Amino acid sequence: MHEMSLAQSIVEIVESVSQQNNNRDVAKIKLIVGELAGVELQSLMQSLTIASHGTVMEGAEIELERPEGTAWCMKCAQTVPFHHLGDPCPICGGYQLRINGGNEFRVSELELKTED
Ligand SMILES: [Zn+2]
């Protein structure tokens, strides 16, 4: 249940921002979950629904951004597409790869509901 603990940490971040803003409800959050972040998206979304229940985040719209994975290949001396951990370089077939993109996991935007 790796995704559940991630979901709980997202809800905590969102709640603390809301608290600094008179506990306003959250309208929308934007998440960046890279292809190589090691997060199962469907499981994360389900966990978020559960974790946000009864909080200011309940019912908020969740927008996902999914940056593609890339890695630096030592042999090719260039950045190559890299979609799965453990894969070889798609150009030279080597394994001297260092991930340099697509492993981010964070809340990038948060929109609070307007007070009425
Ligand atoms: Zn290569």
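Note: Cβ is positioned from N, Cα and C throughout, glycine not excepted.
Just so you know, TrEMBL annotations are computer predictions that nobody has curated.
A quick note: this is a predicted structure, and the numbers were derived from the prediction, not measured.
Per TrEMBL, the features are as follows:
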BINDING   H2  Ni(2+) binding site
BINDING   C73, C76, C89, C92  Zn(2+) binding site
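Overlay of TrEMBL annotations on the structure.
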residue : record              : DSSP (3 states)
H2      : Ni(2+) binding site : helix
C73     : Zn(2+) binding site : strand
C89     : Zn(2+) binding site : coil
With Cβ-Cβ distance below 8 Å and at least 6 positions apart along the chain, what are the contacts of C76 (Zn(2+) binding site)? List them in sequence order. C89, I91, C92, G94
Zn(2+) site, defined by C73, C76, C89, C92: further same-chain residues with Cβ within 8 Å of the Cβ centre: M74, K75, Q78, V80, P90, I91, G93, G94, Q96, L97
Of C73, C92, which of the binding-site residues has the most Cβ neighbours inside 10 Å? C73
Expressed in Å to no decimal places, the gap between the Cα atoms of C73 (Zn(2+) binding site) and H2 (Ni(2+) binding site) is 29
